[in-house]
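Some features that TrEMBL has for this protein:
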DOMAIN    5-133  domain 'Methylamine utilisation protein MauE'
TRANSMEM  7-24  transmembrane segment
TRANSMEM  44-67  transmembrane segment
TRANSMEM  74-97  transmembrane segment
TRANSMEM  117-133  transmembrane segment
Amino acid sequence: MKMKKILLELFTAILVILFIYTPTSKLLKFHAYTRSMRVQPLLPALQTFLIYAVPLSEIVAVILLVIPKTRKAGLYLTLSLLFIFTGYISLIQLNFYGRIPCSCGGIFQRLNWEQHLLLNVFLLLISMAAIWLQKNISRHETHDGKAKSWARL
């Protein structure tokens, strides 16, 4: 059980670091981020919405992940975001849009789309594993008569 808790903390920390870095990078270089979003093969109204919604949702994910009582919601939000991002990258790889848009900024700009897809799949697996671990730990602690909250790590 202790190993499961350690793995859950490790996986959550990886997601927190990712979701601290990505909105910070976007907000610190907001002009470049906005310009990059404007060349994505999406409707202009959707581009405008996503310019603000993506970093905001990433920040919300971090807040949810670091608060023990909301961690489960944070894990599901990160899973959802990663699923959407991975789906978008998959469509790019399949040439769905007819052209390849500019890549992401920050440290991710060094990755090509295939590498970015592999990274996202890896992060998706981490998210899914964290959700499984969190459910397993909660279920085990409930059966042991302990409190449902595993915040006492």
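Backbone N, Cα and C atoms are what each Cβ position is placed from, and that goes for glycine too.
Taken together, the residues in the domain 'Methylamine utilisation protein MauE' (5-133) have a mean pLDDT of 92 on the 0 to 100 scale. Looking at which of 7-24, 74-97, 117-133 has the most CB pairs under 8 Å to the transmembrane segment (44-67), the answer is the stretch 7-24. Long-range Cβ contacts of the transmembrane segment (74-97) within its own chain (Cβ-Cβ under 8 Å, at least 6 residues beyond either end) map to 12, 15, 19, 41, 57-58, 60-67, 113-114, 116-117, 120-121, 123-124, 127-128, 130-131, 134. In the domain 'Methylamine utilisation protein MauE' (5-133), the DSSP tally of helix, strand and coil residues is 108 helix, 0 strand, 21 coil.
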